[in-house]
């Protein structure tokens, strides 16, 4: 009998099959990763250093920005490296670690989006009770719950996957270690793990989506009662931008992971993965934070302060 030590690395076919397309994708994804880093680091810095941005909304946005950086960093740096160097392999430990972080952080993103929608619901629909409901203790508990639930839900199936024997082949048609593809490469029955992961995802994805959708639904109803037409337009502009990002993120995740035949391996799965792991992450800091009037004002003040200190030196 053969055991897992037969396979020492996996081959990721990546995003392209021609050198010209690889260079093009490297430039596009490199710019996207740079925008993700700059946008989220700006959000973290501004919300930490500006006294006017010390409320629950910006506390959640700051944690969300940190999550966005770590989530995309589990996939994009290795993808960019493979596009640039044409190196397509990843070691077994590297593959398992990437899979664990990707699914845990991706799940945490779902919980964070639900929590931020709840925060906006309380702020807009119950403004008089906002500070009492969203106090420091509640905010910390919500953030810690997001991280704890994510790792508790994704850690068991990942550990079971790590313990599987892999005897070959070792080729995955993807640009990162995808769990459904990895299970297909095992030389033993993986039905229990596949069923467990499907149950976890069927609870988390629709569950967090319902919370987010109901929260924004209540927000929209409240907005409709705003007497000022200019106020309604401004509020709808913000909500519509949020809803577009949420719709893209959830629709691609749901279709990729909980459709009836979701084992994967098609090129379309790589496109779907790019949507929820790169596109929405690129847009999030600019839609959730940098379009905000207070954030833009704080950013402008920081730039003026920095340019003034440069002139003095």
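Cβ atoms here come from the backbone N, Cα and C positions, even for glycine.
Here the structure is a predicted model, which means the values were calculated and not measured.
What TrEMBL says about this one:
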DOMAIN    39-288  domain 'G-protein coupled receptors family 1 profile'
TRANSMEM  23-48  transmembrane segment
TRANSMEM  60-84  transmembrane segment
TRANSMEM  96-118  transmembrane segment
TRANSMEM  138-155  transmembrane segment
TRANSMEM  198-224  transmembrane segment
TRANSMEM  236-258  transmembrane segment
TRANSMEM  270-290  transmembrane segment
What stretch in 23-48, 60-84, 96-118, 198-224, 236-258 has the biggest tally of Cβ pairs under 8 Å against the transmembrane segment (138-155)?
96-118
Any contact, the transmembrane segment (270-290) to the transmembrane segment (60-84), with at least 3 Cβ pairs under 8 A
yes
Sequence gap of 6 or more, Cβ distance under 8 Å, 3 or more pairs: do the transmembrane segment (96-118) and the transmembrane segment (236-258) meet that?
yes
